[in-house]
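Asker: Can you read through this structure? Questions will come right after.
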C-alpha cells in the first residue's frame, strides 16, 4: 500500500506494510516524516459509522492508561477511516506464545498485572472491552521477565449503560464469558476473558469455546486462579480487584518465589519440569547483596492464602497463624511467654508489594537518611538524603485498587536540602521514572524502596493503634493497644509494658523511656499474655465482618468478667448484654456503628441498650495522634469579596480551582503525575486523584450558600 496522494493526510506516512487483517479492516506498520514508527488501522467502509466513532472515542478516553495502545490521530480519506496509533513491534501475545511456547509463571504474572491495570482503568470510565483476547494484547517489549504489553483493538468496546451494552453477542470464541451467550453480562465478562488470556499464556493454547479449560501441567495456584477467573457463574467469579491478592500473583511477584519451568513433548503436550527454576533474584542473592537478604523477604512463610483473607481490612491480621498448633504450644511451654504470633518477617513479606498504608495517613518520620511521609492511605513518599543532607531523589508510592506504581523523581545534585518533619513537602519534578514492579527498578531504587517499605511496615505502623482496650480487668488503671504492626502496648500510670510481635519479647519501659527496660515475669507476664490473646481474638472477630465494613481503629472498654472468656461470649447477647460488654460511648453525637451483619454482634433490642453499644471508629484520640499530622488534609481559599470558594489545595501539591470563564468548570493540577492543567465539567469524568477534592469543594460551596 502506498502512502496516499500527494498532499493528503496519508501521504505523511511512508513504508506502509501490512501487519494484520481482520473483519473490520487492515492494520499497517508505517513511518512518520520524523522517522517515528506507528501503526495505521484502515477501517472498512462497510463498518457502521457509530461503531467507528465509538472505537475512536474509546481510544481517546483510554489514552491516559500506559497499558493501552496509545491513540495519535484519526482522519478520513476516500471513504476509509484511518486510526493512527502506537506501534507494538512484538506482535500479538497469541502469536508470540505460538512461536515461542508458554510463558513461565513469573512472566505471565507480570503481563497479567499490566492487563489488570488496563482493564481497571477501562472499568473506571465505564468501558467494557467485549473482545479481550490474547490476539488483542500486543507486545511492546518482549525482554524475558520484563515483557511490556498493551491492550488494543477497541472495535467492539462499548460504554456500560447503553441500550445494547449487555445484550449483544460479540467477542472471540474461547475468550467469551457464558453470560455473553445469554446476552446478559457486565464488567465481570472482562474478568473471564482475562482468565482466558492467562490460560493462553500458561499453555500456549486457546481455551475451549465452552466450559472450564483443562489445567493439567499448571502449578496448583495457577490452576486455581484460572478456575476462579473463568468460573461460569458470574456471581462466583473472582472480582477484578481481588486477582492481585491471589496466591499465584503473590508467589510470582515476590522475587524469592519458585518459577515452574515448562517443557513441551513432541506431541505438543506441556509437562512440568521436576526441577524448579529459581528466579534471577535468587541467583543474584548469592553475591551477598544486602537487599536480597532483607529480613522482610523470608524464603518461606506460614501465612494463610491471600485469597482467603477478608478484603475489607487490607492490613493483614496479626493472627494469621493458629494459636493452638502443636509447635506453638511447645514454644509456650519452653519460653513461658504465651502465644507467639507470626514473625515480623512474615508480615513484612506480605506487605512488600504493595506497601500497605491503611490508617497511617499523616505519619512522618525524619532520619539521617531522609524523610518518610504517609500522605494518604494510598500514597507515601521517601525524600532520600545524601551526604550533607541534600535530597538526591524522591520516591512516591501510590496504590490504586491494590495495583501499585512507584514514581522516582531525581533531584539535581546539591540543590535541595532535606527538611524536617513539620516542614512542607518538596516540590516534585515533571518527568519521573515510573515502575510497576519491584524487578523493574534499578538496584539503588530497590534499596530505597525497601527502606521505605520497612519504615512503613515496622516503625510507622508501630506508632498507630489499631485496637484500644480501655481498663482491662487485668490492668484496671491502664489501657491496652494492639498496634498496626502487631505490637502490644499496655500504658500504665508510670510505665509502658511492650510486647514485640516479631520475637514475643516482653519488657516494661519505666516512665515510657525505651532505654529504661525491666523484664516482665510472674503474674504480670501471665496477665500481659491474657490481654494479648484477647485482643488477637477480638481482632479476628472484627476481621470476619462484612467486607464493606471498615472497623479500625476501634476503642472500647469491657466489664470485669473478661478473664478466661472468648470475645464472642462477651459480646452483647440476650437480656444481660448491657452489663457484660459495654462499648464506651466516646461521643454523645456519634451514632451506633455496630454492624448488624457481624457474626458476633447482636442488634440491640431497645434504645436503652443501643446507647451502651456504640462503637466509634476512626476517632482522633491520643492513641493515634502524631505531632506531625496536619490539622486538615485540604486548604480552601475563599474570595473575600464575593465569599465564593476559589480553590482547594492538598498537602501533596494537588490543586483544584473553579474556572472563572465558564460555570461548572474546574481546573485540576497534579504535579506528581503531569505538569499541565486538566479542565473538566462537573458532569464529565473526574480526573484521577481529584474526586475527593471535588466532593470537599462542592460540600464547602453548598454550606456557604445555606
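A Cβ is built for glycine as well, from the same backbone N, Cα and C atoms used for every other residue.
Okay, these came from Swiss-Prot:
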ACT_SITE  131  active site, proton acceptor
BINDING   19, 20, 21, 22, 23, 24, 25, 26, 27, 41  ATP binding site
COMPBIAS  261-290  compositional bias 'Basic and acidic residues'
COMPBIAS  323-336  compositional bias 'Basic and acidic residues'
COMPBIAS  566-579  compositional bias 'Low complexity'
COMPBIAS  580-592  compositional bias 'Polar residues'
COMPBIAS  603-629  compositional bias 'Polar residues'
DOMAIN    13-249  domain 'Protein kinase'
REGION    261-351  region 'Disordered'
REGION    566-632  region 'Disordered'
Asker: I want to verify one value. Collapsing DSSP to three states, which class is residue 19 (ATP binding site)?
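Answerer: Strand, per DSSP.
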Asker: Cα distance, residue 131 (active site, proton acceptor) to residue 25 (ATP binding site), nearest Å?
Answerer: 16
Asker: Taking the Cα atoms as reference points, how far is residue 19 (ATP binding site) from the residue listed as 'active site, proton acceptor' in Å?
Answerer: 19
Asker: For residue 25 (ATP binding site), what is the tally of other C-beta atoms lying within 10 angstroms of its C-beta?
Answerer: 22
Asker: To the nearest whole angstrom, what is the C-alpha distance linking the residue listed as 'active site, proton acceptor' and residue 21 (ATP binding site)?
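Answerer: Cα to Cα, the residue listed as 'active site, proton acceptor' and residue 21 (ATP binding site) are separated by 16 Å.
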Asker: Taking all residues of the domain 'Protein kinase' (13-249) together, what is their mean pLDDT?
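Answerer: Summarising the domain 'Protein kinase' (13-249) by its mean pLDDT gives 80.
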